[in-house]
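Worksheet: one structure, shown below.
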Amino acid sequence: MCTCALGWEGAMCEDTVNIRFPRFYGTSYLSIPVPTSKLYQSFYITISFKPESLNGRLLFASQEEDGKGDYMAVGLVDGKAVFRFDCGQGAAVITSRTSITLYKWHTLKIGRDARKGWLQLDDARMVRGSTPGTFSMVTLKGDLFVGGFNTTAEVRDGLRIKHMFQGFKGCIESIDISNMDLDLRPYPKGSMLGGQNVGECSDGVCKHHVCTNGGACIGRSPDQAMCLCPLGTHGSVCEDVIEIHTPSFNSSHSSHIAHDSLGKKHLSFLQMEIIFKPKEPSGILIYSGTESREGDFFSITLDENYIGFKFDCGSGPAVLRSTRPVTLHNWHIVEVSRTAREGMLRVDNQPTVTALAPGAFTQTSFDTNLYIGGIDDIDLLSREMAVKNSFSGDIQRVLVNDNALDLINEAVGGANVGNAHHPCQGRPCGYNGECHPLQEYYFCDCRLGFKGTYCEIEIEETVTEPSFIGRSYLWFASNEITSRLSGERNMFSFELRATEPNGLVLWAGHSSMTSGSDFIAMGLENGFLLLRFNLGGGEAVLTSRRPVNDGEWHVVRIDRLGIVAIMEVDNDNAVTNQASGEDFRQLNVNDGLYLGGMEDMGETTMNLYSEGMTGCLRNFNIDQSLKVLSTEQPDGGRNIKQCS
């Protein structure tokens, strides 16, 4: 009979075995270095196991390699659970009052504090005992053995009594040592460094569990199968096709959504906002990292009702924690940001928390997907991550640098995501608008030609003086307009009436913007009009001499010739500035003209703007001759009606 090394099985050890829930055959064992600090004076251990024999060792560690000296042993003797430990002057022997049932799952809890120990099998009464003498420390060295031992050499007499020397037969699902959950998988995925003749308990659970609609079956537990249902499907075997408005996650079903990797897009600055309603106290909200599990990562977690924010630039993690817990079954808003090594966390109306990552590194890059609500493989999580399970609850919105992610339609993967109950399920915006959840409520974004709270009113008149509400925009992409945007000169004139201090007024740039891309833009910042442009050699900024967000009409004129631009507002003295780089005189853009806002504003404008203007525009001209609002048909837009 062959003795198979860890990770192999079969008559000749010819087959690999993927171990998640180890199976022991009486000649098996797993081992890790003894966690000395957790076992020296006091500890408590919880073991979940299913026995196939009335006798066998579950745990063993000793002072000497041959089992001599101080020791600790947990096992089964004639169907009773037994806990033995020796501080050096004699053993304590604590035996359960009740017996195990073969092929049934049991939970065994044991604990020790100095000379005193206790044991509890399932829900039976706790049994207590203590060692003789005065010694109170247990010195354990070498390895902690699970399910057996690595030698047939005889060990001390006390362990041979009543078959305590025999190896365990059956399955072990989990072992927790003083709040340290042992990962029973082989290293490097798990914690087990040694072992032999170990199988997998969940083998075969998927044999009669057939998933539909592209679902994949996995072992959820040693004897229970589960389907990983693709986004848009649901049910025990993925039999239901569903429409997801607000994704709902379940930690017991490995729920998650995956988006494209953040890559190197956010080297020095990354900001996120998430709106969520938790149903359980712990779980992953956001995670992105590296496949090596070392170095750079970024995470937002819920840990016993507290929000945690961690990031690592490569020289150690910054750890931020909310000052107060969040409540279950209520909506919450979390904002986090990282600027170089400095992190910020804000939860609802709680005080802002800041922290600094150690070391000298200041940039982050990622190669895993951006995961929302959980992760498809916990082996991708940084070793610094304490929370590893999926989130349970609803996630309504995720913003990355002020860009709202389309959680479902832009996803590149996901599993076992349901649809949360929300008013948007009833299509309150009809077919002329898009419903957006806002915690317990919602709002409608109306497509061009419609208005009203529910986008129920058709606009019959021609809109020549469009009004904007911060979520509005008009987009023009005709050749008549785009041909006048690129080149050595830009001339714009228009009238503006603004009622809010911030927002984008106009934008012309590239469909895929980078830090060096050409663009020209005007926006409101703290009430002032700012003209910005970049021709490839550096950005120039012109600021109006006074604020204009007073609800009155203002006349604006812009003239750019090469690297020099002039801005005039009403009858104020003109403001002028020039861009750097004499060799860059042409504006080269390809994405049309946006007025009043745009979609994906944060990403497209490289976070220059996060909202559109609130107010009205009229008499918008390009090159003094092209009257955009009265002669050109927009190619896109939303939430537009005639100014009143």
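First residue shown is number 1, and so on along the chain.
Quick reminder: no glycine exception, Cβ is built from N, Cα and C everywhere.
Sequence-distant contacts (6 or more apart, same chain, Cβ under 8 Å) of Cys4 (disulfide bond) comprise Gly10, Cys13, Gln196, Asn197. Positions annotated as disulfide bond by TrEMBL: Cys4-Cys13 (among others).
DSSP assigns Cys238 (disulfide bond) to coil, not to a helix or a strand. Within the same chain, residues at least 6 positions away in sequence whose Cβ sits under 8 Å from that of Cys238 (disulfide bond) are Cys211, Thr212, Asn213, Gly214, Gly215, Cys227, Cys229, Pro230. The feature disulfide bond is assigned by TrEMBL to Cys229-Cys238 (among others).
What TrEMBL lists as disulfide bond is Cys446-Cys455 (among others). Following the DSSP three-state reduction, the secondary structure of Cys446 (disulfide bond) is strand. Just so you know, the Cβ of Cys446 (disulfide bond) picks up 26 other Cβ atoms within 10 Å once every protein chain is counted.
Reduced to three states, the DSSP call for Cys616 (disulfide bond) is strand. Non-local neighbourhood of Cys616 (disulfide bond): Glu465, Pro466, Ser467, Phe468, Leu496, Arg497, Cys643, each in the same chain, at least six residues away, with C-beta under 8 Å from its C-beta. Residues or ranges marked as disulfide bond in TrEMBL: Cys616-Cys643 (among others).
Per TrEMBL, the feature domain 'EGF-like' maps to 1-14 (among others). Across the domain 'EGF-like' (1-14), the model assigns an average pLDDT of 91.
Taken from TrEMBL, the feature domain 'Laminin G' covers 19-201 (among others).
Annotation comment: TrEMBL describes 202-239 (among others) as domain 'EGF-like'.
Annotation source TrEMBL lists domain 'Laminin G' at 246-424 (among others).
Under the heading domain 'EGF-like', TrEMBL lists 420-456 (among others). Helix, strand and coil residue tallies for the domain 'EGF-like' (420-456), in that order: 4 helix, 15 strand, 18 coil [DSSP].
The domain 'Laminin G' annotation in TrEMBL covers 463-643 (among others).
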Tally the residues of the domain 'EGF-like' (1-14) by DSSP class, grouping H, G and I as helix, E and B as strand, and everything else as coil.
-> 0 helix, 3 strand, 11 coil
Segment proximity, the domain 'Laminin G' (463-643) to the domain 'EGF-like' (420-456), 3 or more C-beta pairs under 8 Å = yes
Which same-chain residues, if any, lie at least 6 apart from Cys455 (disulfide bond) yet have Cβ under 8 Å of it = Cys429, Gly430, Asn432, Gly433, Cys444, Asp445, Cys446, Arg447
Can you count the other CB atoms that lie within 10 A of the CB of Cys229 (disulfide bond)?
-> 28
What kind of secondary structure is Cys643 (disulfide bond) part of, going by DSSP in three states?
-> coil
The answer for the domain 'EGF-like' (202-239), taking Cβ pairs under 8 Å and residues 6+ beyond its ends, is 17, 20-21, 23, 50, 171, 173, 252-254, 257, 408, 411, 413-419
Cys643 (disulfide bond) CB neighbourhood, other CB atoms within 10 A = 15
